[in-house]
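Asker: First the structure, which I've put down as structure tokens, then a few questions once you've had a look.
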Amino acid sequence: MADLVTVVKKTEEEWRAVLSPEQFRILRQKGTETPGTEEYDKFFEEGIFSCIGCKTPLYKSTTKFDAGCGWPAFFEGLPGAINRAPDPDGRRTEITCAVCDGHLGHVHKGEGYSTPTDERLCVNSVSINFNPAKPSSIT
């Protein structure tokens, strides 16, 4: 049986009211930020990264790694939090928030990173927010 997810749907105007122009461009218009320009690329504190649009938890900090690509990289998302779909160009796989359908970035496979999944979920920093761990809450 599939997980039940409460979907967040908003009009373009409602999204514009709660997101910055750059967040809107990336989450709602499937944009990409300039590599190395945002806060979470070299950020390695313990906690949870959530969707900036709907606050859904997406990634544990323990799955983040330094891929040297200029964007935050994770080797997996939280179960049921991320959707994957082929890009129209057929070359990449887009990742979106399972709750609000916000564009997060792309997944790349088989690049040889020594991670459990051999995947790099390349995420735009402005599409996520960091929530620090409480003592003994991250495993």
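Note: Cβ is positioned from N, Cα and C throughout, glycine not excepted.
In case it's useful when we look at the structure, here is the feature table from Swiss-Prot:
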type: MOD_RES; residues: Ala2; note: N-acetylalanine
type: DOMAIN; residues: 12-133; note: domain 'MsrB'
type: BINDING; residues: Cys51, Cys54, Cys97, Cys100; note: Zn(2+) binding site
type: DISULFID; residues: Cys69-Cys122; note: disulfide bond
type: ACT_SITE; residues: Cys122; note: active site, nucleophile
Asker: Quick one: among the binding-site residues Cys54, Cys97, Cys100, which has the most Cβ atoms sitting within 10 Å of its own Cβ?
Answerer: Cys97
Asker: By DSSP, what is the split of the domain 'MsrB' (12-133) into helix, strand and coil residues?
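Answerer: The domain 'MsrB' (12-133) comes out at 20 helix, 40 strand, 62 coil.
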Asker: If you count the C-beta atoms lying within 10 Å of each candidate's C-beta, which of the recorded positions Cys51, Cys69, Cys122 ends up with the smallest number?
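Answerer: Per-residue Cβ counts within 10 Å for the recorded positions Cys51, Cys69, Cys122 bottom out at Cys69.
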Asker: What is the separation, in Å, between the Cα atoms of Cys122 (disulfide bond) and Cys51 (Zn(2+) binding site)?
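Answerer: Cα of Cys122 (disulfide bond) to Cα of Cys51 (Zn(2+) binding site) measures 14 Å after rounding.
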Asker: Between Cys97 (Zn(2+) binding site) and Cys69 (disulfide bond), how far is it from one CA atom to the other, in Å?
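Answerer: Answer for this pair: 21 Å between alpha carbons.
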Asker: For the domain 'MsrB' (12-133), provide the mean pLDDT of the predicted model.
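Answerer: Mean pLDDT across the domain 'MsrB' (12-133) comes out at 94.
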Asker: Spatially speaking, which of the binding-site residues Cys51, Cys54, Cys100 is closest to Cys69 (disulfide bond)? Use C-alpha to C-alpha, please.
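Answerer: For Cys69 (disulfide bond), the spatially nearest of the binding-site residues is Cys51.
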Asker: Hey, for the Zn(2+) site built from Cys51, Cys54, Cys97, Cys100, who else sits with CB inside 8 A of the CB center?
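Answerer: Apart from Cys51, Cys54, Cys97, Cys100, the close residues are Val8, Leu27, Ile52, Gly53, Lys55, Thr56, Leu58, Ala98, Val99, Asp101, Gly102.
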